[in-house]
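Remarks on the structure that follows.
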């Protein structure tokens, strides 16, 4: 706003007032207005900035008026440009800007615009000043040319100087003109003094005979001036893009250079005779012209590399390349600059690169190990004591040296150890191609590589290195680790190294402690058979051993994975822990036998290797937050993607939600239950009588799935169960069902039992026809469809849903409901709407919470769920 007012004041002609007075005047007007906003955020820096912009604007106004009122030139349109700028600058309407300004941002924008116009004014002033300076330089050049003596050669020189100025720019032209004027004045004074001396000395000049010789050099110098003129024209054509003219001038330059390269002999006598007594002034001009052309020629030649193309390479050495190719020696980088091919420097370089100079290096190259050199010449970080790569490099070097010594043995029966390097060196010594000092170096190198340790030790190191690179550590078989010695070894006591007092372990496993063999197992090993037993806290340190030595040995020798974790029973957490052994059945038995030999029952009666199966729920006071079984529910009136997992009828089925985050864990749960219940046959069965709603594990073929009891038949001792993850019902013998562990209940039940809304069978009964069943299966089996919950049944309280599928009728795909498709096919009819109630959100939550909250019976070892 301040800047707009400043522009208004400048446009009104407020040039006489100073910027500070103008600013105070504008701010006073601003405070008097009620519609405009106050500049509360304007600090000292902003005030200085506004004052500076007002001062620039004041100067810009004066400059615009001056440029608008300046004399019009016929050569260019400076006056029109200034008038255009002044009209744009004063086109701002301050009153309109003040009326439209409603924020500080708009005021800042006007300040920026004012600064931009000021910068544009400076640019216009600079261009005008530059053009005027160029016109002044042209006038000065005309005055200088008029002041010189008018001769034919002088006019040619002036035209050539003008062309040089055009080619090199105004700056180079000014330098040349100033040099020419100063030199001419000095030459006039010197020539007047030398004329008198030359006239006295040359009493008998022979002008008629020697004058043609004196004219020859002047003609050649004139040719040089013409050459300068052609070069300047060439640069002008290059700037304009005329390639044809440039090529013609280049051909002309080659011819003139060939002429100029010829030797020109100028005698002193011809120069002396060139100055006669009668026409002293006339003969002075060619001499002046020659000196001027020499100066201009030197100046132009300095600029030649910039005007012409890139220079050609200085020198090449074809003979050197031929020698390298014939001798098959790797080429060295050629020098970038060389003075002469026959110079001493080039000869020395060629001699150094000859094949004879590489005789010693070729010999040493055969005994040079590049890989070992790189390892030895590694960085300081790799060779530092704290670097983990240091020990690996030392082992790698020893392995490489051992392999080399093993391959270099010539005759091992006689006990003569002769490496390959010494054998090759002796051959070269016989031929006489290596000097004595060089042989001494190779001998020292071979002595350094001789082994200090036996080959057996190196081989052991080699095996240890390979074992370190494996996924898990392996213990090397030795007589100390034989089974017989292990069985005969004494059991640990209080004075043993593996006793609890001497062990570094505290005896309490606060978290899961596994053997190192666990890292090398794959994901398939997670579903191997598992065996768990109790360990007293007093024996945990003995089983683990010093730094895990005992548990590591048991795991590696029996190929199992051992895990020590906290006990699951609250009353035994402080006294016992659980040891878990995972592997194949034979491997688990082998591990338990070795553990029993190590800890015999006579000395360690508290160690009981009997299996421990944790109860599902110890008592009714158990915290159910971490192991509470839950059901997946459907959102109300919202479509979601589902898959039909089990079909009872066309209107009664089970669905799964494959997009739920927990659905991916179902496959792992099935594999885990198959490995757990398939290998162990001594797991507890369901009690008699079996209560309804108990969670259990039910076998189907070779797999085990989670199920819940629905009805128990006393006569046949059978149980009717419902599978909670895949849906469906089945009648099974009670002896086949097993109690379920608490850790298997953390995953929510994946299947949801639903009914199809709005339809019923055609005959009015509850039995659907085979055609309706086939049609329903064809629409949903193996597909992901959309589902929306619309209510629940009055009788069974089962959720009722609408299923949607995509049908392609022509080009457009439409979404249709299953019930409409069945009715259009004549396989179903409309159901009674009174049997379905649309539930609200609180009622749905209450029903679902009642369905998923488990209840407990008097049988404390099972979970009862109301279905």
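Any Cβ shown, glycine's included, is placed from N, Cα and C.
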- Query: To which of the residue ranges 481-523, 524-566, 567-609, 610-652 does Swiss-Prot assign the term region 'Disordered'?
  - Reply: 481-523
- Would you mind telling me which of 108-128, 129-149, 150-170 Swiss-Prot tags as transmembrane segment? 108-128
- Query: Which numbers of helix, strand and coil residues does DSSP report for the domain 'Tudor' (689-747)?
  - Reply: 6 helix, 31 strand, 22 coil
- Query: Taking the domain 'Tudor' (689-747) alone, what is its mean pLDDT?
  - Reply: 92
- Checked against DSSP, the composition of the domain 'KH' (528-595) is 35 helix, 20 strand, 13 coil
